[in-house]
Amino acid sequence: MHQCGACGAPSPEYACSRCKAKFCGRDCFVRAWPQHKAHCTAKPSARRRIAFIDFWPGFEDDTDQWFCKEWFRKNLKDADVVSVSENPDVIMFSLFGRSFLSYLHSGSAAKLVFFTGENTRPPVGKVPLCISFDHVPGVPPTTHSRIPLWVFNKEVHDVIAAHAARLRGDCDSSERSGFCCWVASNANMYNAQFRMQFVQTLSARYQRVDCGGEVMNNVGEPVKDKLEFLRKYRFNVCFENASFPGYCTEKLLHAFAAGCIPIYWGDPAACSTSSACDFNPEAFISAHDFSSPELLIEHIQRVDTDPELFKSYLRQPILADHWYARLQDWPHFCREFHDLLFTDCERGTSPRLGTLDPMGVAAEGSVWQLLDPFMPMRSRTASVGETLNEVQKSNGKEQKRKEDYNEGTNYVAGGVEANPYLFALIIAAPFLSLLLAYLTSTEMAEMAEAHQARAPFAMVATCVTELQACAGHLLAAGLSVRPTAQGAKFVLAFMGVALLTEFLPGKVETGPMTLTGHVPRYVDNGVLHCIVYTTLFFAGSNLGPGGLYDFGIIYDVFPGTVAFLNIFGMVFCIFLMLKGLYFPSTRDHGSSGSLVKDYLWGTELYPRVLGFDLKRFINCRFSMTYWQLAGLSFCYRSYTLHGAMDWGLFFSAVSQYLYLFKFFMWEMGYMRSIDIIVDRAGFEIQWGCLVWVPAVYTLHTRFLVPNPSGLSFGPAAALFALSMAGVVLNYLADRERDVFRATNGKALVWGKKPEFITAKYETVDRDTGAKTQKTSLLLASGFWGVARHFQYFFELTAAWSWCLLANPAVNGVIPLFYAAFLTGLLLDRANRDSHKCKLKYGKFYDEYCKLVPYKILPGIY
């Protein structure tokens with residue numbers, strides 16, 4: 001049995017091409033080479049021959065001295081570059097042509113090697129050897145070797161020299177007059193708009209970025225010498241065409257070779273300290289470390305204005321240690337690359353398809369499509385090899401299978417069998433909303449009058465005296481709430497006005513960048529929307545000059561409104577599901593594999609129609625505005641029915657109006673919350689905002705229209721003050737954490753330096769297994785030092801105050817439903833958040849819990 005010549009392990013798979021000595025793999029061979037080459041007595045093998053087909057334009061140009069034919073002539077001393085017709089030992093092909101199809105039937109004994117520097121998954125296992133940027137775990141280096149495109153760039157020698165100089169303490173600290181530059185030649189690539197938007201934002205918010213390429217050129221004409229152009233600037237924007245683990249081209253290399261500080265976006269592993277990274281993450285500014293472009297720009301400004309911070313980047317070694325160790329002996333690397341290409345060249349071949357597995361003539365067109373240079377993004381969710389298997393299926397339907405949820409910013413496994421409650425949610429929640437609408441309807445009030453009791457007690461009395469018929473009564477009550485023309489007209493008119501307010505002016509803000517590189521943009525006009533909509537609602541009513549409707553209309557048409565919204569919401573969620581699957585607005589979309597879960601959870605993160613952001617419109621502009629105005633409308637209807645002011649209802653309506661005014665002040669914060677950046681547009685969120693919010697969140701005020709609270713001014717005002725204290729303190733707690741995060745922990749908290757835990761965690765790519773190390777700051781001072789979610793206590797204080805203003809001592813427990821629901825929701829959210837943080841941060845979260853032991857309320861929970 002053979003043993004590895006480096007570590008002695010049995011059954012080695014790698015062999016020296018000269019003496020056939022055995023090694024476990026390329027890594028063992030590289031470690032052993034300095035000693036092995038001294039006693040490698042075998043005679044040099046005969047010169048090998050290599051041919052190339054289907055490479056990019058310019059590959060044939062011998063004056064270009066990076067990855068082209070001339071590169072092989074200069075660096076592979078024991079190999080000759082020949083044509084396919086000259087019986088080569090190796091044929092290397094890429095994805096920029098169709099010529100390799102004719103080779104499939106040539107019967108040649110040449111070893112077929114696939115190479116790509118593009119963001120396309122290599123067909124590992126379908127050809128003898130693949131060379132690409134991709135991390136492919138569990139595959140020997142003789143089958144797939146990860147050598148990214150930047151390694152073959154001629155500037156790699158300049159970077160190796162600069163790396164060595166920095167190790168010696170030498171760095172280029174010369175003054176440069178230019179701030180930042182960007183060179184791009186293609187405005188039609190997948191993330192071109194994203195890159196262009198960042199350059200425009202950086203120019204607008206700080207200093208102009210000089211663009212020397214064909215895209216957004218502002219220096220006169222495209223530069224001829226890119227590196228000479230870069231050497232005039234302190235920073236260089238290096239955004240890749242796509243973000244994918246391992247995908248790293250020449251952009252970072254050029255910035256380092258020119259002595260710039262790179263501003264990088266692309267390979268998410270590049271900003272980690274794991275073995276998956278190619279460059280030292282301390283030597284460049286990674287956009288992946290910042291939750292928004294604004295925070296990234298703030299950091300760039302700090303680096304540019306702080307000489308010591310600026311030089312700290314220039315002092316850092318450039319390459320990751322393992323790459324520097326591998327590349328500093330360039331002749332050895334070239335020898336290693338030679339051996340990789342020509343090992344096992346004499347393997348047997350299929351008489352019909354060369355070294356590819358037989359797949360049949362019908363597959364040829366599909367093979368070409370799989371290697372189409374315009375399909376790199378599609379291949380993010382399935383490798384070329386996986387798709388090669390799919391095209392063998394007779395009906396070809398599997399080739400059109402859904403994209404995985406992992407394409408976007410979150411992942412949900414398919415399969416309804418693990419979640420039977422989902423079916424109940426679809427049925428029970430709509431019915432409960434109808435039942436709650438019935439409880440506050442005029443029909444319910446008439447029933448109460450017939451029983452000479454208040455509405456809730458009337459229904460309870462019916463269920464107690466006729467227990468067996470109770471379920472039937474409840475079912476009949478809920479189903480009696482049906483859509484009406486008046487309710488439908490009101491909803492459509494309400495939404496129409498909300499759509500018009502979308503055109504109000506405001507500052508353009510952005511949400512967090514998704515994993516696919518999408519950056520949502522919003523016009524920050526929430527406060528203006530709130531003021532304009534409230535003014536229009538008053539002006540159009542009988543209280544204003546319009547006189548088009550009674551100000552109490554929201555109560556009058558409420559049952560028909562909820563019934564119409566129920567039907568509209570369920571149909572709308574079907575539309576959202578299909579849109580996300582077949583007509584998505586961004587690449588943050590896909591299917592879970594379960595139709596029910598797709599409907600409930602949604603298939604798209606940022607759906608847009610005609611430029612309107614549907615999640616923002618439903619969640620904020622309809623749902624929150626309806627809740628805000630409903631209390632005022634209910635208060636007016638109560639006054640007209642009873643001829644006196646119900647102070648409990650009045651103060652509850654005013655408090656909630658101010659709470660929601662605060663919401664619109666903070667609307668951009670909400671657009672960066674879990675509801676928007678994690679939860680997709682499906683039944684749970686969109687139906688919830690369309691139906692559950694109007695039905696449940698207004699219940700305690702709506703209930704008081706037929707059932708006055710009976711509270712006098714004094715007690716009602718006291719509860720109002722308590723509710724406003726909860727609203728203000730909730731806002732201050734959220735604001736405190738936002739400022740802490742925005743300043744990276746440098747802001748004072750309650751006049752003191754904040755105490756916090758620097759928590760480290762790793763993210764693991766599902767496809768490649770590549771690990772990325774990141775950090776988060778866990779605040780343990782101020783409100784966040786009292787309890788881990790003390791802001792929930794303030795929110796619950798406001799909610800219970802609103803419900804107590806309904807005077808449950810007189811009106812029973814039904815008006816408390818909203819507060820009870822919110823309490824359960826926030827308790828569950830606090831538990832889930834603790835579990836999530838424990839899994840994410842491990843021992844760091846344990847340390848944080850020692851500093852802040854309680855979840856919501858100190859000493860209790």
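Cβ atoms here come from the backbone N, Cα and C positions, even for glycine.
What you are looking at is a predicted structure, and each value in this text was computed from that prediction instead of being measured.
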* **Listed range which TrEMBL flags as transmembrane segment, given the options 254-271, 452-469, 776-793** => 776-793
* **Distant-in-sequence neighbours of the transmembrane segment (711-733), which means Cβ under 8 A and at least six residues beyond its ends** => 646-648, 650-652, 654-655, 658-659, 662, 666, 782-784, 790-791, 794-799, 801-802, 804-805, 807
* Structure fact -> Among 526-545, 687-705, 799-827, the stretch with the most Cβ pairs under 8 Å to the transmembrane segment (557-578) is 687-705
* For the transmembrane segment (687-705), name the stretch out of 647-666, 776-793, 799-827 with the most CB-CB pairs under 8 Å. => 799-827
* **Selection from 526-545, 647-666, 776-793, the stretch that has most Cβ pairs under 8 A to the transmembrane segment (799-827)** => 647-666
